[in-house]
Amino acid sequence: PPAVFPLSCVVQSYSWGKVGLESEVARLVASSDPLAHIQPDRPYAELWMGAHPRGDAVIRDNRIPQKTLGQWIADNPACLGAKVKDAFQGHLPFLFKVLSVNTALSIQAHPNKELAAKLHAQFPEHYPDANHKPEMAIALTPFEGLCGFRPVEEIVSFLQSVPELRALIGEVAVEQLERSGSDDPRGVSAALRVCFTRLMKSEKKFFVDQLNMLVKRISQEAAEGKDTSGSNGDLLLRLHSQYPGDIGCFTIYFLNLVRLEPGEAMFLGANEPHAYLHGDCVECMACSDNTVRAGLTPKFIDVLTLCEMLNYTPAPSSSKIFPATQSQLDPSVYLYDPPVPDFAIMRIEIPASIKLYLVSAVDSASILLVIQGTAVGTSTAAASEMTLRRGSVLFISANESISLHLSSPDGMLLFRACCLL
């Protein structure tokens, strides 16, 4: 039976997604499937490439009896590769995605395995499984997100120039942070935890009043042409227009604003606070739905759990950019290999001068996404030749390779998710 085949992937229409053809997700779908109808007012937020039960990819090969990738893997677990199959109990260990973000996602963090097991046992309706959920995002277009706690001096500077923030946290906690010295990192983290928890647990009426005062003040200053960067004014007004009266608006004073250029990545380990703000990216994550949220969302929020679990280690935003390493064996391949076993991503940039390219075999099932370029793919493990164009998604069983016969004048850009144990 074929072990390499094309997939038709599920689109998720979350409200924060870009709408219609403004969305990279929609553009990829439209390009890969000429019959797809893109609705101009529908958000195309996420494309799920994998075997997740809430978005299992459909196999586009009528010689294969199984309808979905999940069913096919269940019947052919050897396709995962021997090591992956044993380590992850016969399941594909990752979910690969494209995200098109128009408005901010919730302030969130993902639990480690120990906390995930505990949350799932206590609140299965909110925490549906017992797995951790590390994630990595690689920008396709300029991409912005909040990620990790800022250096303390930046937070202290905001506490001194934003009296509304200072009022919410309270003088005692603020002074504790101002006095904490860089020679005592545990003291800094403890003070940061107290400040952030006091902010997130402040009384609704009180924080809405303070937020309205702040927004009014910043709006007036901006109208008068004053520089509001000392109060992070632009971002505050943007988030407030998206989520008026939401406590999440204040988190911009604690969390780094990270800007990624196309090809740059950020890795979000367990307990790292984050919120994507705008842009398009490919994302890979461990197979889990566990998200602890606390703001910029209408969904269930669990402030106590979030404030307890977070990693309160301050670091500059530049430290959040995760580097790719160029492959020694194949200069077209850049590897993003995060410090977790569940997944890795390859960015494959095939120059225009190459007309025949081998997508090499790895000892893991992988999923290949075409972002740019066209080719005909052949493989001894495929039923027939496959046309690859922008938006095409292929499943490649472990230890199978594909020859690409390129037909586009400007080369190709591919992303490949796999598991490198």
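Each position is counted from 1, following the chain as shown.
Here the Cβ of each residue, glycine as well, is placed from N, Cα and C on the backbone.
What TrEMBL says about a protein is an automatic prediction, not a curated fact.
Positions annotated as active site by TrEMBL: Arg293. Per TrEMBL, Zn(2+) binding site is recorded for Gln108, His110, Glu135, His274. According to TrEMBL, the feature domain 'Phosphomannose isomerase type I catalytic' maps to 4-152. Here TrEMBL flags 168-255 as domain 'Phosphomannose isomerase type I helical insertion'. What TrEMBL lists as domain 'Phosphomannose isomerase type I C-terminal' is 335-375.
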| Using a Cβ-Cβ cut-off under 8 angstroms and a sequence gap of six or more, which residues of the chain neighbour Arg293 (active site)? | Ser106, Ile107, Gln108, Lys299, Phe300, Ile301, Asp302, Leu306
| query | Apart from Gln108, His110, Glu135, His274, which residues in this chain have a Cβ no more than 8 Å from the mean position of the Cβ atoms of those residues at the Zn(2+) site? | reply | Ala109, Lys133, Leu268, Glu272, Pro273, Thr291
| query | When you measure from the Cβ of His274 (Zn(2+) binding site), which residues in the chain that are at least 6 apart have a Cβ under 8 Å away? | reply | Ile107, Gln108, Ala109, Gly145, Leu146, Cys147, Gly148, Leu255, Leu268
| remark: Taking DSSP H, G, I as helix and E, B as strand, the domain 'Phosphomannose isomerase type I helical insertion' (168-255) contains 67 helix, 1 strand, 20 coil
| message | Can you give me the average pLDDT across the domain 'Phosphomannose isomerase type I C-terminal' (335-375), rounded to a whole number? | response | 98
| Count of other CB atoms lying within 10 Å of the CB belonging to His110 (Zn(2+) binding site) | 25
| query | For Glu135 (Zn(2+) binding site), which residues in the same chain are close in space, meaning a Cβ under 8 Å from its Cβ, but six or more apart along the sequence? | reply | His110, Phe267, Leu268, Glu283, Cys284, Met285, Ala286
| request: State the count of C-beta atoms found within 10 angstroms of the C-beta of Gln108 (Zn(2+) binding site), not counting that atom itself. | output: 25
